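Everything on this sheet refers to the single structure shown next.
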Amino acid sequence: MFYAHFVLSKRGPLAKIWLAAHWDKKLTKAHVFECNLESSVESIISPKVKMALRTSGHLLLGVVRIYHRKAKYLLADCNEAFIKIKMAFRPGVVDLPEENREAAYNAITLPEEFHDFDQPLPDLDDIDVAQQFSLNQSRVEEITMREEVGNISILQENDFGDFGMDDREIMREGSAFEDDDMLVSTTTSNLLLESEQSTSNLNEKINHLEYEDQYKDDNFGEGNDGGILDDKLISNNDGGIFDDPPALSEAGVMLPEQPAHDDMDEDDNVSMGGPDSPDSVDPVEPMPTMTDQTTLVPNEEEAFALEPIDITVKETKAKRKRKLIVDSVKELDSKTIRAQLSDYSDIVTTLDLAPPTKKLMMWKETGGVEKLFSLPAQPLWNNRLLKLFTRCLTPLVPEDLRKRRKGGEADNLDEFLKEFENPEVPREDQQQQHQQRDVIDEPIIEEPSRLQESVMEASRTNIDESAMPPPPPQGVKRKAGQIDPEPVMPPQQVEQMEIPPVELPPEEPPNICQLIPELELLPEKEKEKEKEKEDDEEEEDEDASGGDQDQEERRWNKRTQQMLHGLQRALAKTGAESISLLELCRNTNRKQAAAKFYSFLVLKKQQAIELTQEEPYSDIIATPGPRFHII
């Protein structure tokens with residue numbers, strides 16, 4: 001941890017500083033004044049227990065915060081004292097006598113003012129209502145499309161039949177213009193009409209009124225039932241070229257009847273015209289004469305009546321109601337809480353401590369099955385040595401077994417594996433015998449450059465090894481001895497017979513390991529084989545039941561003890577000072593050789609023998625140790 005427990009304790013010397021660094025709001029004004037910064041800084045500089053740099057940094061932050069708050073409180077007290085002093089010693093303030101301690105009534109009472117409630121209300125004309133409403137009103141030209149209003153075709157003479165329609169006769173129908181003016185004023189707004197008006201239009205309107213007064217009682221145009229104008233202008237039947245919606249007829253129906261014009265035709269209600277006031281007069285533009293203009297009269301009038309635009313209300317998305325989710329389980333049982341408190345599996349892991357020493361760490365790294373079967377017992381950093389070691393680990397399959405495997409002579413896999421794992425295969429015996437012959441031939445090739453004594457010694461050893469009788473008949477070993485030819489031995493024996501015999505003492509040979517007589521060790525080997533079988537059975541039982549220490553003691557008591565006694569008898573009889581493991585393991589299978597090698601290691605551990613090896617993969621020489629004759 002980067003902090004010490006004494007820092008976090010409530011009564012510790014740095015408790016308030018630690019609290020100020022991590023929870024500043026928890027400190028009160030009393031805590032700030034009680035904190036002694038000098039002692040705290042000294043305890044941070046020279047702490048009783050070693051603190052991490054991170055802890056000291058946090059404590060310095062707490063010191064700075066406490067100092068800041070102390071300075072702030074001091075400044076506030078100074079300001080308050082300054083204000084009080086300033087208020088107490090104001091210039092010109094005199095202490096009041098006892099008579100004037102009570103203030104006057106007029107000084108502390110507000111005067112009562114009664115206003116006149118009979119005042120007239122302000123004039124409504126003073127309030128500019130239009131200005132208030134025009135703030136949010138757009139200009140007509142900006143929001144309205146300009147439309148070209150055509151001329152009234154009925155005002156032009158078209159010489160239709162004998163019905164002479166001159167200007168004076170048409171102007172008698174002044175009521176038609178008046179009614180049409182009412183229609184336009186009631187259905188459309190004056191804002192949609194152009195404001196520019198010429199003086200000629202006003203004069204023309206005055207002439208219309210004069211003609212109407214003169215010929216009011218003329219009754220011209222009565223009895224025109226079924227007339228051309230009546231059929232074309234008043235009829236509401238469909239089929240017109242520009243007859244879209246009947247908006248004009250509806251507006252004409254809604255107009256009230258006027259009693260001043262009782263003698264007027266039905267055309268007066270539908271005919272067009274301008275309003276009475278000059279403000280609403282429609283400016284008429286001259287248009288060229290067109291054919292069949294009578295059918296276009298109602299359609300042109302419809303251009304004035306714009307259809308009302310639907311008010312588009314902005315649709316707002318309805319807020320989706322929140323669905324209230326209520327838990328089915330509202331309370332936790334005490335059993336559930338206890339189970340959660342007792343369950344600490346997520347914060348606890350298995351304890352995996354590293355070995356205390358480097359040697360144990362190295363053993364742990366290289367003690368696995370993968371490393372034991374792929375690397376030697378000692379660290380080899382050279383790649384060549386590792387290749388040599390791995391080359392010895394690869395088994396050589398005999399050729400006859402390969403042929404049998406390819407030819408399918410093996411009955412099943414178990415038989416093939418048994419034959420492959422059998423250490424007494426002729427192939428291995430032949431290889432061992434070839435190695436023996438190589439060992440025998442090497443000194444013979446180098447003999448001419450040595451003295452005669454060395455030649456005699458080598459010949460003696462060769463004679464002893466060649467004269468060694470074969471081991472007792474045991475299956476394949478006897479056959480291997482018969483099959484093994486020895487073409488080199490007869491010439492060696494001939495050369496040895498020609499050399500004069502020289503008597504040599506047994507102590508003089510340089511390599512006494514080769515003088516170990518195999519005849520004396522044969523009965524011991526047979527006994528060892530029988531005992532090894534018994535030991536194997538006992539070891540299997542011990543693996544299932546006993547401990548490791550008991551197994552090691554039993555192995556030492558039986559197999560290793562027999563090896564030690566055999567070595568003692570061999571060295572006593574031959575007088576040799578050392579024994580070769582390679583010579584001791586001749587004519588044995590792999591299991592027996594491994595057992596002897598293991599016995600050598602146990603004896604070396606018990607200081608019964610000393611082992612020496614000149615180079616890797618060379619022969620191991622055993623010499624008596626300090627406890628060779630004691631055990």
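Including glycine, each Cβ sits where the backbone N, Cα and C put it.
According to Swiss-Prot, of the candidate residues SER138, SER175, SER189, SER459, the site noted as phosphoserine is SER175.
Residue annotated by Swiss-Prot as phosphoserine (from the set SER39, SER454, SER618): SER454.
Looking up SER153, SER334, SER578 in Swiss-Prot, the residue bearing an annotation of phosphoserine is SER153. In Swiss-Prot, the entry for SUMO2 cross-link among LYS48, LYS72, LYS604 corresponds to LYS48. Mean model confidence for the region 'Interaction with NIPBL' (154-171) is a pLDDT of 50. Helix, strand and coil residue tallies for the region 'Interaction with STAG1' (362-403), in that order: 27 helix, 0 strand, 15 coil [DSSP]. According to DSSP, LYS48 (SUMO2 cross-link) is assigned to coil rather than to any helix or strand.
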